[in-house]
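**Student:** Not my notes, these are from TrEMBL:
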REGION    47-71  region 'Disordered'
BINDING   HIS84, GLU87, HIS180  Zn(2+) binding site
ACT_SITE  GLU244  active site
DOMAIN    287-358  domain 'AstE/AspA barrel-sandwich hybrid'
Amino acid sequence: MTDAKRSALRHWLSDVRESRDHPHDAGIDPCGVHWQRHAEGVLELTPSGMDATATTSDAADGKSPSAAEQPSHRYDAVLSCGIHGDETAPIEIVDGILRDIADGKLTLRERVLVVLGNPDAVRAGKRYLEYDLNRLFQGAHAKRAESPAVQRARELEVIVAQFFAGVDGVRRQRRHVDMHTAIRASLFPRFAVVPGTPERPPRAAWFDALAAADIEATMRTEQPSVTFSYYTCARFGAESCTLELGKVAPFGENPLADFAGIDAALRRWLSGGDMAAREDGQVLQARRFRVAAEIVRRTDAFVLDVPADTPNFTAYPAGTVLARDGENTYTVSHPEERIVFPNPDVANGLRAGVMVVPE
Ligand SMILES: [Zn+2]
């Protein structure tokens, strides 16, 4: 189906919030962007002038757009939000970008998959319903009983795999930005978890791009994980990150000025510019950390000696005992370690905190 009048970009968020079902349709937005809806809340956008079904040889047929209109074709970009349903600021950022593309205020020049992760949880205003969606990727869904969250994780993995397979045989840079807001205070209110593998560590340019987006700290991790961003990094070699962008708030109550840096950076990138090149010319540096250890709760005897409301990145000196689990203890072994995502109440076998050290 092609509907040249209806703007899927303008209605992306309202369609989800009002649960208007438009399964698997496609069209060309009045702004010229080709869109394809793969599932609820999931839109693949192809810039005007870049035929969504073109083969490489089509590009040489003499009817290609002029250089000024040429999409940049550098990236296959995945932009995700709402993996946790109550983290509304990133959803509003993405909605604003889509509306500005629809209104012709922003020219899309990259192929992008826009993902609103958990529409059921967004409508319920909850982080998640029966299970945390961001613990179900990298095949983890296959190890759990069937449920809507398990189904959604599997569906998103299939769609992302098809998207990264490309449309015209051209291998583009793959990048995935997964946006969240945090449930606790943080000494660095905006920070990024940057996954990598020993074979493919993240490029320095990726950290520069995040710093230019007002991200104050990065934590690099090579720990295998079941998050969405680890999945796209490990499975597809994407330059990925999970962004934590300040505190959770309901729709309409987010201090959007706090998110201006990431909003501007995403717009620079998707419109064909350099995410790292700020309009004000400033060159910012984020504090860089790497994951040194994870504190895992093994038994019912587990005690984390860190209050639940401890801000992310709180530092502890060498020798501090942070957790006890029967005969085992976790003792800070580096001159200084900082704790991120402390959670004394996790189930046995799960992570009760992540310890980071400076890079
Ligand atoms: Zn989240």
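Keep in mind that glycine also has a Cβ here, set from the backbone N, Cα and C atoms.
No curator has checked TrEMBL annotations; they are predicted automatically.
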**Student:** Across the domain 'AstE/AspA barrel-sandwich hybrid' (287-358), what are the DSSP residue counts per state (helix, strand, coil)?
**Tutor:** 0 helix, 39 strand, 33 coil
**Student:** Which number gives the other C-beta atoms within 10 angstroms of the C-beta of HIS84 (Zn(2+) binding site), all protein chains shown included?
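**Tutor:** A count of 22.
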**Student:** HIS84 (Zn(2+) binding site) to GLU244 (active site): how many Å between their Cα atoms?
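**Tutor:** That comes out at 12 Å between the alpha carbons.
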**Student:** State the count of C-beta atoms found within 10 angstroms of the C-beta of GLU244 (active site), not counting that atom itself.
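**Tutor:** GLU244 (active site) is surrounded by 26 other Cβ atoms within 10 Å.
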**Student:** Can you name every residue in this chain, apart from HIS84, GLU87, HIS180, with its Cβ inside 8 Å of the center of the Cβ atoms of the recorded Zn(2+) site?
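**Tutor:** Neighbours found: CYS81, GLY82, ILE83, GLY85, ASP86, PRO90, ARG127, ASN134, MET179, THR181, VAL248.
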**Student:** Including all protein chains shown, what's the count of other C-beta atoms within 10 A of the C-beta of HIS180 (Zn(2+) binding site)?
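**Tutor:** That number is 25.
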**Student:** Once near-sequence residues are set aside, which residues in the chain of GLU87 (Zn(2+) binding site), 6 or more away, have Cβ atoms under 8 Å from its Cβ?
**Tutor:** CYS81, ARG127, MET179, HIS180, THR181, VAL248
**Student:** Mean pLDDT across the domain 'AstE/AspA barrel-sandwich hybrid' (287-358), rounded to an integer, is what?
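**Tutor:** Mean per-residue confidence for the domain 'AstE/AspA barrel-sandwich hybrid' (287-358): 95 out of 100.
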